[in-house]
Amino acid sequence: MTYFEKIEKIKYEGPKTKNPIAFRHYNPEEIIAGKSMKEHLRFSIAYWHTMTQDGSDPFGNPVNQRNWFGETPMETAKNRVEAFFEICEKLGAEYFCFHDVDIAPEGDSLAEFFENLDEITDLIKEKMDQTGIKLLWNTANMFSNPRYVNGAASTNHANVYAFAAAQVKKGLDLSKKLGGENYVFWGGREGYETLLNTDMGFEQDNIARFFKMAIAYGEKIGHKPQFLLEPKPKEPSKHQYDFDAATAMAFIQKYNLTGDFKLNLEANHATLAGHTFEHEIAVARTYGALGSLDANQGDVLLGWDTDEFPTNIYDTTLAMYEVLDNGGIAPGGINFDAKVRRSSFAMEDLFLAHIAGMDTFARGLKAAAKLKEDKFFEDLKAERYSSFKSGIGAEIVAGKEDLESLTNYALNQSEVDMPSSHIEYIKSVLNDYLI
Ligand code: XLS
Ligand code: NI
Ligand code: NI
């Protein structure tokens with residue numbers, strides 16, 4: 001059975017090709033800075049945006065044309081597995097990600113949901129064995145079901161907390177069954193509406209208790225994926241506890257989760273928090289906590305999580321520069337947490353959009369590798385901080401100075417001779433690397 005009859009395996013045809021269903025920049029086996037492009041990029045396809053997103057928005061009905069609907073929700077779920085692996089294989093994406101609710105219907109009870117998950121993951125496992133496609137991460141959707149109206153691990157109701165725990169236990173069982181390399185927590189409703197009825201400290205303590213239970217359960221079943229926390233400042237909650245990378249790191253450190261948790265950074269979440277994607281990646285990298293990336297982009301004119309496919313080479317270059325500085329992203333990857341625009345409703349748009357995203361990251365990788373090879377930023381930074389390499393600067397770094405000794409030093413100096421940063425020049429040279 002094939003769902004995309006007219007589409008063959010996507011090939012690299014180079015920048016001059018006129019074939020829209022071909023890579024123009026992503027050449028999986030091409031070696032860049034000592035590794036193949038596919039090893040650098042570790043592309044992953046998101047089950048939710050690809051298989052279950054229907055193109056509806058708060059003002060409009062579903063528009064996406066999809067050919068995998070069956071007679072029952074379970075039949076549809078099974079068809080989706082077939083279609084999904086066809087997409088991953090044809091795109092040459094070696095990883096995928098899912099929420100529990102993306103792959104199987106919830107049915108009428110938690111027990112029925114779990115049975116459905118077992119049946120569908122049997123099928124997914126078969127497909128994984130056949131194709132060699134691997135699970136980058138899975139997660140539990142603890143935000144759609146009405147019970148999570150006030151959060152999951154940060155809920156005010158202990159029974160809801162228990163349901164959330166059951167979903168995560170199941171999620172870890174499935175992660176073990178499918179050999180998941182990471183496990184994600186994105187706290188969509190782990191936040192609050194108003195402090196008037198919220199005990200923030202208590203809710204955060206409960207989230208930490210929840211994470212410790214997940215770590216303990218992983219140890220118990222002998223399966224330890226890299227746990228990842230995915231920051232986002234708002235949406236759906238007004239205030240989300242994992243606002244950005246720095247806030248998430250403060251939480252991780254406060255509750256002694258440093259050895260078990262890293263971060264999954266998403267481009268559109270960064271911009272919603274008032275940061276650039278590369279800022280968030282740099283924060284994580286600086287803390288030794290860069291886990292994985294959710295690739296997408298926002299719209300500067302819209303203040304919500306539009307989850308567009310990444311097409312901005314400037315952003316992907318600076319993101320990939322950080323990844324190279326980190327020595328790579330594994331066991332994380334680059335997961336397209338991105339959806340086709342509402343007007344891109346055709347089946348083939350799923351391919352066109354992923355090709356656009358993969359090509360954009362490929363270009364970013366190539367430009368970033370060249371920047372590194374030429375030591376462009378490196379030399380710039382070395383020069384900029386050169387006063388700390390010798391004399392008083394070197395003494396400061398070595399911890400040999402104090403406020404008194406520095407006061408004596410400063411009193412004997414005439415004014416500081418600060419060189420200009422020439423920012424515009426730097427940006428114009430960066431442009432030469434991009435195009
Ligand atoms: C939503 C998040 C979500 C996570 C996984 O904004 O990006 O898709 O990646 O729950
Ligand atoms: Ni995400
Ligand atoms: Ni998002």
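Each Cβ is built from the backbone N, Cα and C atoms, and glycine gets one as well.
Marked as active site by TrEMBL: His99, Asp102. The Mg(2+) 1 binding site annotation in TrEMBL covers Glu230, Glu266, Asp294, Asp337. The feature Mg(2+) 2 binding site is assigned by TrEMBL to Glu266, His269, Asp305, Asp307.
Everything TrEMBL records as a feature, shown here on the structure.
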residue	record	DSSP class
His99	active site	strand
Glu230	Mg(2+) 1 binding site	strand
Glu266	Mg(2+) 1 binding site	strand
Asp294	Mg(2+) 1 binding site	strand
Asp305	Mg(2+) 2 binding site	coil
Asp337	Mg(2+) 1 binding site	coil
Same-chain, non-site residues whose Cβ lies within 8 A of the Glu266, His269, Asp305, Asp307 Cβ center for Mg(2+) 2 are Lys232, Ala267, Asn268, Leu272, Asp294, Asn296, Gly298, Asp337
Which one is it, among the binding-site residues Glu266, His269, Asp294, Asp305, that lies nearest to His99 (active site) by Cα separation?
Asp294
Surrounding the recorded Mg(2+) 1 site, with Cβ no more than 8 Å from the Cβ centroid of Glu230, Glu266, Asp294, Asp337 and those residues left out, we find Trp186, Lys232, Asn264, Leu265, Ala267, Asn268, His269, Leu293, Ala295, Asn296, Asn335
Tell me the Cα distance separating His269 (Mg(2+) 2 binding site) from Asp294 (Mg(2+) 1 binding site), rounded to the nearest angstrom.
9
Tell me, if you would, which residue among Glu230, Asp294, Asp305, Asp307, Asp337 (binding-site residues) has the fewest other CB atoms within 10 Å in the structure shown?
Asp305
Around the C-beta of His269 (Mg(2+) 2 binding site), how many further C-beta atoms are within 10 angstroms, looking at every protein chain?
30
Those recorded positions in His99, Asp102, Glu230, Glu266, Asp305 whose CB falls under 6 A of ligand 3, listed in sequence order:
Glu266, Asp305
